[in-house]
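Q: Let me begin by handing over the structure; questions about it come next.
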Amino acid sequence: MSPTPIKHYLQFSDLSADEYEYLLDRARILKAKFKNYETWHPLHDRTLAMIFEKNSTRTRLSFEAGIHQLGGHAVFLNTRDSQLGRGEPIEDAAQVISRMVDIIMIRTFGQEIIDRFAKHSRVPVINGLTNEYHPCQVLADVFTYIEQRGTIAGKTVAWIGDANNMAYTWIQAAERLDFTFHFSAPPGYQLDPAMVPDWAASRVKVFDNPLDACQGAHLVTTDVWTSMGFEAENDARKRAFKDWMVTTAMMDRAADDALFMHCLPAHRGEEVEAAVIDGPRSVVWEEAENRLHVQKALMEYLLCGRY
């Protein structure tokens with residue numbers, strides 16, 4: 001085991017390709033231990049603080065179960081029930097909370113909130129989701145693809161839907177892990193140029209037609225049309241995205257061995273056909289489970305370094 005200095009995981013680009021190679025292999029090992037009921041407690045007596053401003057099922061369950069399986073325990077903090085929800089400065093909260101726990105996961109709205117928190121934290125901070133990025137989910141998706149098909153390097157990932165936190169995280173992953181990213185969304189929901197790095201021109205291709213975006217893709221993925229915090233736009237988004245539902249016809253344009261993923265929860269008949277998400281090319285349940293294993297690998301790495 002080689003200890004590391006304090007390192008945060010706030011967006012996908014925070015780790016190098018070499019670190020991802022280690023993490024993904026470590027996730028494979030930890031998943032095997034889990035399946036074999038093998039006890040592994042490198043985080044014995046360590047405490048994870050989980051701070052939620054946005055509610056979640058999968059994020060809370062995967063982090064809470066994950067730290068427990070590694071020998072530690074979790075403390076759940078909802079901002080509505082803490083001083084953070086009563087106007088305590090983020091910087092002050094970071095100083096206090098990070099003196100009482102060993103690692104912190106935050107699921108919130110603006111990326112600047114978690115960036116400010118991490119700047120004043122004495123322990124590692126993990127982005128459980130922000131409006132801008134969702135690195136833990138893309139890490140799980142990448143692991144799922146590798147588990148099913150081998151390396152993701154040189155492959156094509158097609159994103160059909162909103163320019164949201166998942167799309168921007170996939171762009172960062174394309175650079176780190178050497179694959180191509182296809183993006184398609186209706187007018188008015190395109191990528192924000194300020195969120196797309198200069199190097200992206202060599203990795204990212206934007207398509208007006210979602211069928212064209214799926215052509216030859218090895219992975220087709222999507223998300224809900226209306227993310228949390230945008231509920232007032234729901235009706236307008238349903239109208240705008242009606243031709244961006246992932247269909248069997250789109251999957252038929254993809255590579256013969258293409259997979260379908262969705263970070264869930266899904267709305268069948270909106271962003272994806274039931275025949276696709278419930279069909280043989282879908283790996284959404286493996287994808288959901290793998291949040292648990294990649295996050296265990298991540299917490300182990302941030303606290304213990306490499307084994």
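Indices start at 1 and increase along the chain as displayed.
The backbone N, Cα and C atoms fix where each Cβ goes, and this holds for glycine too.
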Q: Going by Swiss-Prot, ASP223, SER227, MET228 bind L-ornithine; tell me which of ASN165, ASN290 is listed for that site too.
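A: That L-ornithine site, as Swiss-Prot gives it, pairs ASP223, SER227, MET228 with ASN165.
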Q: Going by DSSP, give the three-state secondary structure for ASP223 (L-ornithine binding site).
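A: Where ASP223 (L-ornithine binding site) sits, the three-state DSSP reduction gives coil.
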Q: Return the member of ARG58, HIS134, CYS136, CYS263 nearest to ASP223 (L-ornithine binding site) in space, with distance defined Cα to Cα and candidates limited to these binding-site residues.
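A: With Cα distances computed to ASP223 (L-ornithine binding site), the winner among ARG58, HIS134, CYS136, CYS263 is CYS263.
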Q: How many Å lie between the Cα of CYS263 (carbamoyl phosphate binding site) and the Cα of ASN165 (L-ornithine binding site)?
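A: Here the two Cα atoms lie 11 Å apart.
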Q: ASN165 (L-ornithine binding site) to ARG58 (carbamoyl phosphate binding site): how many Å between their Cα atoms?
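A: Spelling it out, the Cα of ASN165 (L-ornithine binding site) and the Cα of ARG58 (carbamoyl phosphate binding site) are 16 Å apart.
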